[in-house]
Each structure stands twice: as C-alpha cells, then as structure tokens.
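Single-structure report; data block below.
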Amino acid sequence: LGLCVSRASASVLNLNCCLVLLPMCRVLLAFLRGSQKVASRKTRRLLDKSKTFHVTCGVTICIFSVLHVAAHLVNALNFSENYNEDFPSINAANYRGEVRQLSFYNLLFIPGLTGVIMVLVLFLMCTASTYAIRVSNYDIFWYTHNLFFVFYILLMLHVSGGVLKYQTNLEEHPPGCFNPNKTLRENMTVPKAFEESFPDYTAEPFPEDLSLPEPFVQNNFMRICSEEPKFQSHFPETWFWISGPLCLYCVERLYRYIRSNKPVTITSVISHPSNVLEVRMIKDDFKARPGQYVILHCPRVSALESHPFTLTMCPTDTKATFGVHLKVVGDWTERFRDLLLLHSNQDTEILPIFQQRRYPKLYVDGPFGSPFEESLNYEVSLCVAGGIGVTPFASVLNTLLDGWKCYRLRRLYFIWVCRDIESFRWFADLLCTLRNKLWQENRPDYINIQLYLSQTDGIQKIIGEKYQALNSRLLIGRPQWKLLFDEIAKCNRRKTIGVFCCGPNKISKILHKLSNSSNSYGTRFEYNKESFS
C-alpha cells in the first residue's frame, strides 16, 4: 500500500509541478489574451483565472507532498521487513529488520537528502505565501517564492535515486522459472511435480542437456531459466513532465530580461492627494493596450524586488508617453517616492533640463495582459473601482478620449467609490475632459459616471467651478448594487454586459454574486476581476 500511494502521489506531483509554471508565463498569456484569432472571448476569460489556477496547483503540491513523505516512511519499514533473499539486488535495505539504520542510511543518498531539502523549501514557500505575510512583509514572500528554482533542481536530482527497479531479461529468466544450476533444498522449495518426475535427484547440478518430461512442460508446472535475473532502475518520468514548462519559463524570463534591460526615461513625477504618485515615462518601441500592467524595478530601491502596476496612460500613435499611478503603502513604494520627489523640492524653474531629469534608473518589464482589456470589446460595460483600484479604468478612459468610434463599446457605466473626497482629484480632470468631449460629439449617454463618497468628512472641499460637472455626479454613501444591476439590465434588455471590478474583496464578491443572478429582462452579466499573475 505504501508503494502504491507513493507512486500515485508522485504522479500527481509531476502533473502539478508541470502545470504550476504555465500561469507564470506572462508573455504567453498576454499574447493569447490579445489575439482575437487564437483565443475566443470565453478562452480569454479563462485566462483571468491564471492566478487561481497557480494557487490551486501550489496547494495540491503541498498536500500530495505530505502524502508522498508519509508513504515513503511506510516504505522504509516495508523494505526492511520484506527483505528478499533470493534477489538481493532489488532490495533497498541491506538486511532484514534494518528499520532504524535504513532511515538514517537513506538520508545519505540523493533521494533522501534532496527530499528533506525540498520539504523545507516547500514549507518556506507555502507559509510565506499566506495573505498575512504578503500584506505585512512582501519581501519575505518575494524572496522565498524565488526558491522555486532550487526546488526544481532538487526535484530533478531526487528522481535519479533508482529505488524501484524492473527486470531486463524476462525472456531468459521469466518470472517463476526454475534454475537447475542452483541448490534446490537450500535456496528454494522443490515443486511436487518435479520430485515425482525425478525421485533420485540429490541436489546435484543439472546437465545442460537435461529436459523435463513433455507433460510437465506442457502443463506449465515449471519453466527452465537460462540465466540469473538482471534488474535495472526505472528511468525517471519527472523529466518528461517538467522539462517542457521549465524550458518555456526560462526562455520567457530570458526574453523579458533582454526586453527590459534598457531603462526608461522618466519625464515627470506628480504627487497627488492621499499618498498617490504619478510617474510618466518614455521607452523606445513600447506598445501597450488599455487595461494592461507593467512590472517596475528600481535597483536603487531594491536589487531584486519588483512590483506590478496598472498602466493609467498608454502610448498612442501621436504620443509615446505612458504612465502609472501608485499608492504609497509599503517600504518599497516609500523608498521609491523619496527618490523621485528628491528633486521636486527644488525650484525646477531655475534648474537646467538635464538637472531636472536626474531621476533614478527605472526598468519596465511588460506590458502584460489583464481582464480589463476586454472592457472595450463589449457593447455595454460596467466598470466598478474602489479607491486606487481606478487605475485600470484610467487607461480605458484615456483611450476613449483619443477616440471611441473604433471600438465595439457603445455605453460605459463607470462607478467609483472612495473614502475621502481628495481621492477623486486623481482623475477628475480626465473625467471632466472626457465628459465634455462626448457632449460636443452629441453622445452624452456614452458614459454614465457615478461617484460615491463613503465618508463625509471634508465634503465641502469638492465644491469648485472646475469640477462642477463631477459635483452633480457625486453621491453620499455606498451604491445599492442590486438596484444598480436592475436598472442597467432594464436599460439594456437581452444584451451581454461585461462587469469589471478592481477594489476590495467585499465589493468583488457582491458583484460576482449579482452577475451570476438571473433577471427578468434577459440581460446577461459576465464578471471579470483584476488579478495580477
């Protein structure tokens, strides 16, 4: 039983160690998501579950690793107690009853040593991947998760032990055959049929031309073997499972390193209210689609650490500038802000241009795909943002500002929920500009803007002529999601509406539940959620 469980769990581990790398191939996922010919909308929506799929494979690896280790502990006892004296070459133990010595003895070999180290590495990766550690100290999660490369090297070495063996000379020595050149009564029990045919045999070696009686051979009571059995270790199957995905991942990492090797040029840094920083950059041959994200790496902040940020401004045919908004919430973003704003405290009007742009080196990896690329492919889209979660929709709004007629989207519901009034100033100019443009083009119904302020402290600060158009869209409290969905469904009967959310999990769960609920208007809601892979 222990051998069956260990082999079965090993097969499950091979499969999941193969699949767990595929969601991390970001370039491949971005290509599939952006290709209308290769992947349909349903297939692209499945790609949104890449992070969930990766986590599921990781949890499965942890569970079956425990099962695999427990089964091998049972095997250590079984190999010791069931020592085969007839075929010593197939034994893992040195002698019968070598239980305690066997466990210590196997640790000196490659399978045991690599197995123990892999369990320790997997324990570190598993515990550091919990939500509490990722939120409190992302560095721990980042550094321990990069131990996966060590895990895969040990995995390749782990399967090279050759504990299980198979017989290579089945024709010369079929199972159950009789070797006449071995002493019968000392090494094996003589079959009764053999004793009746040769009553005068006294354990002397058989001559080479000896043949058993014809009825004895025909009835398959005994077959003569011509040589001793030979055994060979099984060729490990793990190589077949993980070599392809591992090579694909390594090639992609090399491609990403080459692509992001040249630093970008930071054109401007803007400090917004509520600890939000806007960074605008230029990079040669950089192209991106609305809703995509990039990974920023600043060596002066951290030599190895990097973080994903959604693009709030994408390059177009007329301008090469792209940008991100980042909220200062951790050590990395704090150090990054301090480096960027170091020059902003000086009087930039009297500084030469070359001194104004002495920003730290910044490397950009990407862009990579996200669910919000689909927001322009629906006829009607509902975009819900919570706080800084508005960043994916900012690039969509900027794209619509450049021109909306080339996209399938014909109506956009934009819901933005914030705690303080100052947060709306991040993209207040963009919202006002887009609204005025649509009014001039006689399409005021193209976008429906609703701003919700969950806290009323300091509400008087929003009053101003510059944002008068947004003041009429501001509501106090939280949205009534059920009424909102019913109203949208009533106004868009028998249509498919894309629902996109980037915000707290509480809002996400509510929208997901309402999207799966039926309505009397024949309207179908398809739910999408931001998830960095």
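Heads up, the Cβ atoms here are built off N, Cα and C, so glycines get one too.
Note that TrEMBL annotation is computational and uncurated.
Some features that TrEMBL has for this protein:
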type     : residues : note
DOMAIN   : 259-374  : domain 'FAD-binding FR-type'
TRANSMEM : 12-32    : transmembrane segment
TRANSMEM : 53-74    : transmembrane segment
TRANSMEM : 104-128  : transmembrane segment
TRANSMEM : 140-159  : transmembrane segment
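For the transmembrane segment (140-159), same-chain residues at least 6 beyond its ends with a Cβ under 8 Å from one of its own Cβ atoms are 17, 110-111, 114-115, 117-118, 121-122, 124-125, 128-129, 133-134, 236-239, 242, 246, 304-305. DSSP places the residues of the domain 'FAD-binding FR-type' (259-374) in helix, strand and coil in these numbers: 19 helix, 40 strand, 57 coil. Confidence for the domain 'FAD-binding FR-type' (259-374), expressed as mean pLDDT, is 81.
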